[in-house]
Amino acid sequence: MWSLPLLRHTEVPPKVTENFILSGYRFPNYSLRECLASAFRPTNETGNFWTHFLPIFVFTYHFLEVFTWEGAPEPSNPFFYPFWNYFLGVLYLLLGSSLAHLLNSMSLIIREICFFVDYGTISAYTVGSSLAYYYYIHPQAGIPEIGFEGQNSTQRKSLNADEESWLSASFHTQVQQFFESLYIPSSCLIAIICVITCCNTRQCWRKYRYAVRTLVFLLPFFISSTPVFYRLSMSSPSSSSPHLFSTMAAFFYRHCFWLVVSAIFNISKIPERFSPGIFDIWGHSHQWFHCCTFLSILDELQMIKVEMWDLLLNPTLVLSSATPPRLPGPTLWSTYGVMVLLQGCIACVIAWFGWQAYQIYQPEQKKIKGH
């Protein structure tokens, strides 16, 4: 493994090269075993692998903390269905990204498929976030009768007079209809569109591919974050849990901050843009992009946990007769069913683009093997 040469950007196919990364490329005919072993050898993909593989264990540790809370239901309780789907979305994202960077040197065709899968996992993550936002953060979220007592089951979360007045406005009715009928389908549709767009950047718009891939995921962010914006717009420190509300808001703002920073790294290609060849192995922009992305996910997880804790403290949401009923509780179909259906659609998209990549790169791959 260590005797395999690392190549310069002039020695590999142009489709393999990254802007301002001049060396450290693996030859695009590695075996599976050689790709796995390259995780322990300094290449220009080693840092990309570890900056998303190690966070899997950090995220899992913070995720499992919820099940140790006093008064929390069993992990299999329907209350946790959205949370488990969020976990699966994040796991797909981190594992898919790390494996894409590790295995992409097996062939040009496999390289394309690896990154198609990577884009698909990002979309799965955004829908997983949407499910968690919908059931835990939306102002009308509540815990239905699911067979457990919260830590303070006698507490009730009520809405103050100003919020009730605002809730009764026609705007609220329209927003409520959007959440009940369109929010989750919109998140899924936008996620699929994003996968198609990002896969297209492998062949089209290559000059602006990083900007397109980054900006195209702004739309699912705004769609999936609608419950958070809605919650922030109607709540205030005078609500029933001012400390928890301010904590949730702080985590969300930090989540947004890290997303912006990660986007800047991914588009600008700083620092390697100013010193080509210096950051080929360690410290280039994609590694910083991975780190900032994970920090945003970690803050998002903490934000969701704050809202879950609030629901467990206040298990019943009592509204006046002028307000609409709370959102329905999670079910297997509305959570796992949505994710399975989404994954099926994404798999079809990946299969289509994978077939296109096979037709494009098969002749070139034969030349490389012959050489």
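Counting starts with 1 at the first residue shown.
Using the three backbone atoms N, Cα and C, a Cβ is placed for every residue, glycine included.
Annotation comment: TrEMBL describes H101, H286, H290 as Zn(2+) binding site. The annotation transmembrane segment is assigned in TrEMBL to 47-64, 84-103, 115-136, 182-199, 211-232, 336-355.
Annotation for the binding-site residues H101, H286, H290: lowest Cβ count within 10 Å of the residue's own Cβ, H286. Here the transmembrane segment (182-199) sits apart from the transmembrane segment (84-103); fewer than 3 CB pairs are under 8 Å, leaving out pairs fewer than 6 apart in sequence. Tertiary proximity for the transmembrane segment (84-103) is limited to same-chain residues at least six positions away from its ends with a CB under 8 Å from its CB atoms, namely 32, 35-36, 38-39, 45, 48-50, 52-53, 55-56, 59-60, 63, 75, 110, 114-115, 117-118, 120-122, 124-129, 131-132, 290, 294, 297, 301, 304, 335-336, 338-339. Sequence-remote contacts of a segment are chain residues at least 6 beyond its ends whose Cβ falls under 8 Å from one of its Cβ atoms, and for the transmembrane segment (336-355) they are 81, 84-85, 88-89, 109, 112-113, 116-117, 120, 123-124, 127-128, 131, 184, 188, 191-192, 195-196, 199, 202.
Summary of the Zn(2+) site environment: with the site residues H101, H286, H290 set aside, the chain residues having Cβ atoms within 8 Å of the Cβ mean position are E45, G47, N48, F49, T51, H52, S97, Q287, F289.
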